[in-house]
Amino acid sequence: MSDTHAQTVAFVRETQIPPAPPPASETGVVKWLRENLFSNAANSALTIAALAVIYMVLQNTLPWILNGVWTTSSLAECREILQGKTGACFSVLTERWNQLLYGFKYPSDAYWRPNLALVLLLFAAAPVLFFDLPRKLLIFTAIYPFLAFWLIWGGTLMVPVVALLGFAAAAAVFQTFSKSSFAIAFFGAIAAAFAVWILGGLLIPEGASENAWLAPVPSRDLGGFMLNLMLGVTCVSLSLPLGIALALGRQSDMPLIKWMCVIFIEFVRGVPLITLLFVASVMLAYFFPPESTVDLFLRVVIMITMFSAAYIAEVIRGGLAALPKGQYEAADSLGLDYAQAMRLIILPQALKISIPGIVNVAVGLFKDTTLVSVISMFDLVGMIRGPILASTEWNGVYWELLGFAALLFFVVCYGISQYSQWLERRLATDHR
Amino acid sequence: MSTLTDPPNEGFRLSMLINDTRYRSLTFQVIAAIVLALCIWYLGNNLIQNLRAAGLNISYSFLGDSAGYDINQRLVEYDSQSSHARAALVGVLNTLLVAFLACITATVFGVVAGVLRLSNNWLVSKLMAVYVEIFRNIPVLIWIIIIFTIMTAVLPGPREFRGDDPSASMLFDAFAFTNRGIYTPLPWFQNGIFESTAMNWLLILAGFALSWGVVHQINVWASRKQEATGVRPKTLLPVLAAWLVPFLALTMIMGLTWEYPELKGFNFTGGIKVGGPLIALWFALSIYTGAFIAENVRAGIQAVSKGQTEAAAALGLRPRRVMNLVVLPQALRVIIPPLISQFLNITKNSSLAIAVGYADITATLGGITLNQTGRAIECVLLLMLFYLTASLVISMVMNVYNASVKLKER
């Protein structure tokens, strides 16, 4: 039968036709463009408007950046080279590079010290930020603050060593007694630390800093972006423990402690940072003993730490409140006391929930360190507005300098927020 | 059968102060109270000694003295003979002015950017993401300085508007952008019903209140009709008329005219002058805070689950009504609380005015007055008191509103 059929039909295709490609408008770039940029009239209008905005921005900035001059020693020379063309005068950055980074008074032969401190900071921060690294590196993190203090301020090595020994003694006492009673261990540790500091203070000879290996640098000589970084790192790390204490205090059953914390937090959150910096610069000196001289840097650190501690406390309070009540009850039913329950059960979970908020506060705080320029400290913004723009060579170079400052802050802040997002993904233990 | 016995009645022992939970909290609080009292005594003692050594005392009588400095930007009468208290009042009003303006524009920027960031147009949503990231990650102080620099260094001076072939010209012959500020036309009434301009403007405001009442009545009537007949009557024309007629009638009667800024001598006169520092602060605060609000708005809209939109569509609602009746009311509940704290941030960040010389409370009371009189403690305390009050009032007002849009649960 099949033979007859084969004879009557002229042609039978024995293989399948390969599928035809989809229409050109439904594949690849064209499809993507149609779906994402030109899906309807309103969308097309938006796209064209956005393109126009991008074009205008690039048209104004690209020639300015590409024609930039990097190697002159004043604005007038820049203008001579450019001869009326648009172009940036980036030579202000190369010529004043050290001033922008270290301020104008930090001794130039000592620039390696803050540089080394910054490099070591990366090593010290690494085990805190990335917990896959071996835990033993944390020992270096513990030593780092004292090392960095010695590197940046110079002077005799005795001061940071005594300070470190005080903390070491406190830790040792705490370890010994924490098995029996938390309160005894806690107050014993404080007493031990003070004992070591007072003894050590007596041991350090007068004028030991004068002929030390690293020449001492007074705090008022610090400046530039280094000052912003130092204020940011110091205040964030100091305000974390203070913030945790305040948050726990606010949750406390003891009315007196609770109200002390509430009043402190609400007061600090209700006023702008500038007023607190005014307190640091003009008012705080009245509250110290008459003959003492506490330098401005320390006063500013105290006030900024208080400021960010109040905000961090509120973030952590949110984390504590988000924990189910069962966690507290479970800790109680295991027979843990308050310190153990907090340390082993509550805080690890609450802190994990509060990480994004804490990072937000840290980024905000780092940006707010620029405010110290208002109370005439020469941080990056203070350097730009003060000595550099006021100099005869660079009077009028606004955009290069402000753009540089903006870029530095953007890189650091954006980096921190990207880290926090990575950490959140990393710590997500719930499988949703 | 066993009976429960009372625990043995022990006498009070000293160790119970630290080991017994009944007494322990008392012990800790007593210790805290003692430490607090010691701290206050120590600081207060230092303060008294330092003040005595410097020959100072705490007194607020300097507020009545003549201030002796001028303020360009002011909302109330003030001259250099006025008192420090008056200067502080000028500063308070200026702070409130810039905070109010910035709150409004920041909300507009934030809502537009937040909604556009969720747009399904790839380019626009990426552009908005870039805006948010750039403005969030650069300090607001730098933004204020950048915009202030544009205002003072880039815009032309008034003299460039002069001559037969000026290098700068006014926009629509009405707006002049100069490095001394922006000049806009000033509306005023030729034959106002009241003597004072403020009363005339209040009258216009009363006209709008009347319009709002009438529009509300029209809507109520339309809803009743819809419930009775199932068809909503068309209300567009009456509503438009209700809004426009009282306003137009009032302005016609009072003869609303515009006073245009004019170049006279070396500067512009007439019209409203908005100073460069105010513009810089206003614009920088709005565009910076707008980036934060955009993120809040985006989070709020994304928090409304997709099922809600689909359910509304299944009920046959049109997209606009889905947005107005279903998505927005739920999104607002998520957006409002962070929005309140952004408004608080704007109020507090307005204290950065001191960096560009805008005469807000920080610049008058905490700046010039403090430096002239040397009354650091009094000035800083008053400054903090003002900001605390402002923060508390804003959060109170917003909490009332927040409570009214909250989910009504059992």
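Residue numbers in this text run from 1 along the chain shown.
Note: Cβ is positioned from N, Cα and C throughout, glycine not excepted.
These figures come from a predicted structure and were not determined experimentally.
Annotation source TrEMBL lists transmembrane segment at A:37-58, A:110-130, A:184-205, A:225-249, A:261-288, A:300-323, A:344-366, A:397-416. Annotated domain 'ABC transmembrane type-1' per TrEMBL: A:225-420, in sequence order.
Most Cβ pairs under 8 A with the transmembrane segment (A:225-249) among the ranges A:110-130, A:261-288, A:300-323, A:344-366 are made by A:300-323. The transmembrane segment (A:344-366) shares more Cβ pairs under 8 Å with A:300-323 than with any other stretch in the list A:184-205, A:261-288, A:300-323, A:397-416. Residues 156, 158-159, 161-163, 165-167, 169-178 of the same chain lie 6+ residues outside the transmembrane segment (A:184-205) yet bring a C-beta within less than 8 angstroms of a C-beta in it. Sequence-distant contacts of the transmembrane segment (A:397-416), counting only residues of its own chain at least 6 positions beyond either end whose CB sits under 8 Å from a CB of the stretch, comprise 64, 68, 75, 88-90, 92-93, 100, 225, 359, 362-363, 366-367, 370, 380-381, 384, 388-389. Long-range neighbours of the transmembrane segment (A:300-323) within the same chain, counting only residues 6 or more positions beyond its ends whose Cβ lies under 8 Å from a Cβ of the stretch, are 231, 234-236, 238-240, 242-244, 246-248, 250-251, 261, 264-265, 268-269, 273, 276-277, 279-281, 284, 346, 349-354, 357-358, 360-362, 364-365, 368-369, 372, 375, 377.
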